[in-house]
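If you check TrEMBL, you get these features:
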| type | residues | note |
| --- | --- | --- |
| BINDING | Trp31, Ser65, Phe66, Glu67, Cys89, Val90, Ile91, Phe122 | 5-amino-6-(D-ribitylamino)uracil binding site |
| BINDING | Glu94, Thr95, Arg136 | (2S)-2-hydroxy-3-oxobutyl phosphate binding site |
| ACT_SITE | His97 | active site, proton donor |
Amino acid sequence: MATANKNLSEYDKNTLPKAKDFRFGIVVSEWNEKVTEGLYNGAYDALIDNDVREQNIIRWNVPGSFELVYGAKKMLQTQNVDAVIVIGCVIQGETKHFDFVCEGVTQGIKDLNVQTDVPVIFCVLTDNTEQQSIDRSGGIHGNKGTEAAIAAIKMAFLRQQASLIHEYKNPMLTSGAIQIDEGTPLELKE
Ligand SMILES: Nc1c(NC[C@H](O)[C@H](O)[C@H](O)CO)[nH]c(=O)[nH]c1=O
Ligand SMILES: CC(=O)[C@@H](O)COP(=O)(O)O
């Protein structure tokens, strides 16, 4: 389904996990600032609308979308967050630079999702024209920042649930005590 067939800002609060105790990092590119500020506002407003505390939203700026990877990496290394949203807007120019920036940030964010434990949400517009970017940052197609915030809440919850499952299956490992394997019958000594 293309963006033109769905509004990026639509979500049902009642279907979302509780987010009030989650902490979110948001790394924002300064290139095409009018658009990235619109995306940030969409993301911020959606997080607040879902009861995320203001003090639990950490914003850092980077010069351009290519620097989002490094900014997100340092955010993950230094901040206690449950998810990171990277926000950028890459618009096709006269040269192939567009291709390399888009590829670089896409692969870099993918690598962070593979190599680290905290989800990094890809809120980077890669558009042919400025109008397409305006339409997707609070315009006729809604706001991709809103969509990214909802994805961040869902992924933070998934990470939390996954860690609980892991602890359940390995309840003692974190404490260092002996793990009792459910498949092994206990031998009760007289
Ligand atoms: N043309 C756009 C850029 N280019 C700049 C790069 O992202 C990067 O900051 C530079 O190459 C230095 O490393 N960035 C955008 O975010 N959007 C563009 O349209
Ligand atoms: C994505 C870019 O870096 C691009 O907008 C720069 O424009 P140009 O390709 O005309 O140098």
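The backbone N, Cα and C atoms fix where each Cβ goes, and this holds for glycine too.
Heads up, TrEMBL stuff is auto-annotated, nobody curated it.
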At the level of the C-alpha atoms, what whole-angstrom distance separates Arg136 ((2S)-2-hydroxy-3-oxobutyl phosphate binding site) and Phe122 (5-amino-6-(D-ribitylamino)uracil binding site)?
14
Quick one: which of the binding-site residues (Phe66, Glu94, Thr95, Phe122, Arg136) have their CB closer than 6 Å to ligand 1?
Phe66
Going by C-alpha distance, which of the recorded positions Glu94, Thr95, His97 is nearest to Trp31 (5-amino-6-(D-ribitylamino)uracil binding site)?
His97
Neighbourhood of Phe66 (5-amino-6-(D-ribitylamino)uracil binding site) by C-beta distance under 8 A, where only residues 6 or more apart in the same chain count
Val101, Gly104, Val105
Cβ under 6 Å from an atom of ligand 2: which of these binding-site residues qualify? The list is Phe66, Glu67, Val90, Glu94, Thr95.
Val90, Glu94, Thr95
For a quick check of packing: other C-beta atoms within 10 Å of the C-beta of Val90 (5-amino-6-(D-ribitylamino)uracil binding site), how many?
24
Hey, of the binding-site residues listed (Ser65, Thr95), which one tops the CB count within 10 A?
Ser65
